[in-house]
């Protein structure tokens, strides 16, 4: 028999799978770069808004987070369509084809007992309760980074807020979500070494022209013994802490992201932000910390509208692109890749005639290296499991 006519085993299939995987990986990386670009542009637009004289970090955060409410529109449409479909199907009763054998031919999958970790998806009421609990954590995380952009550079704010991954590691250890290793600890220390370099560099930086706060007295009290750039660094670090707290507690509460409709969840976050956060804005207005007022110039109004439109576009697109990039690569690659916002922010400051000091560049490199180290550690831990999964799929 001609051996050329014999099947060659799973290798062709494996080669096809490998080629497809490489193509998906490349597409995922491109999508990730789009997310990185959008997020970095958002930071620059926000800072430009402050430079134009409209320093309203609370209002900007309130409007941007409120835009999440738009996610409820497609959810409501799906709910109405599903309700109509159920109403129509309730008038139709299918006739069984083989009633005499119906209890003898039960599919095996139908009798499978789900493992304990397969919990049912969250209901709409449970999702709303979860969104209300995390609305304030999310708001503080975003307000603090927006406020930091009025006091420090985009590069510094981006570098410091990018340390959220390492706060996630520490908080995750407390909740037994993450495992600590010597390599991860070394990476965390390397990251904080970069943070220190950035902070030391900012301690000698003057506040950029045109970015004086609305109420100098309030900021002066808070920054009496420290420079404004360092106070901005503290706010950026606070954003990293609250974002890490948000991610870990959300993971603890739901266990698996597949149990929750993230579009519905963020829609409720935006709705509760509108309903519950406005009293804080009223307090800030009455105390003079941040008075509510419209921009005084057409340029400031245009910048505000551009910022709001861009954030809404990012809100609607980046989450989807982010998830799609993760599916085409891995969560690890996406997490490491998001650190690319750091050199992109440094490059952006350079083209805006605000070149970063050598200390900031070294600090950025240390943060990137620490992300890569954590990435390789996690990749090594899960490599065997991934190979076994691919082999099992090829045998089918």
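Cβ from N, Cα, C; glycine included.
All TrEMBL annotations are machine predictions without curation.
Under the heading domain 'EamA', TrEMBL lists 122-199.
Look at TrEMBL and you will find 25-46 (among others) tagged as transmembrane segment.
As annotated by TrEMBL, transmembrane segment applies to 58-81 (among others).
Annotated transmembrane segment per TrEMBL: 122-141 (among others), in sequence order. Same-chain residues lying 6+ beyond the ends of the transmembrane segment (122-141) with a Cβ under 8 Å from its Cβ atoms: 61-62, 65, 238-239, 242-243, 245-246, 249-250, 253-254, 259-261, 264-266, 268-269, 271-273, 276-277.
Annotated transmembrane segment per TrEMBL: 147-169 (among others), in sequence order.
What TrEMBL records for 234-253 (among others) is transmembrane segment.
As annotated by TrEMBL, transmembrane segment applies to 265-288 (among others).
The annotation transmembrane segment is assigned in TrEMBL to 300-325 (among others).
Taken from TrEMBL, the feature transmembrane segment covers 332-352 (among others).
Residues annotated as transmembrane segment in TrEMBL: 358-377 (among others).
Per-residue confidence over the domain 'EamA' (122-199) averages out at a pLDDT of 79. If you look at the transmembrane segment (234-253), the same-chain residues 6 or more away from its ends with a CB under 8 A from one of its CBs are 130, 133-134, 137-138, 140-142, 144-145, 147-148, 151-152, 156-157, 159-168, 170-172, 175, 177, 195. With helix defined as DSSP H, G or I and strand as E or B, the domain 'EamA' (122-199) counts 62 helix, 0 strand, 16 coil.
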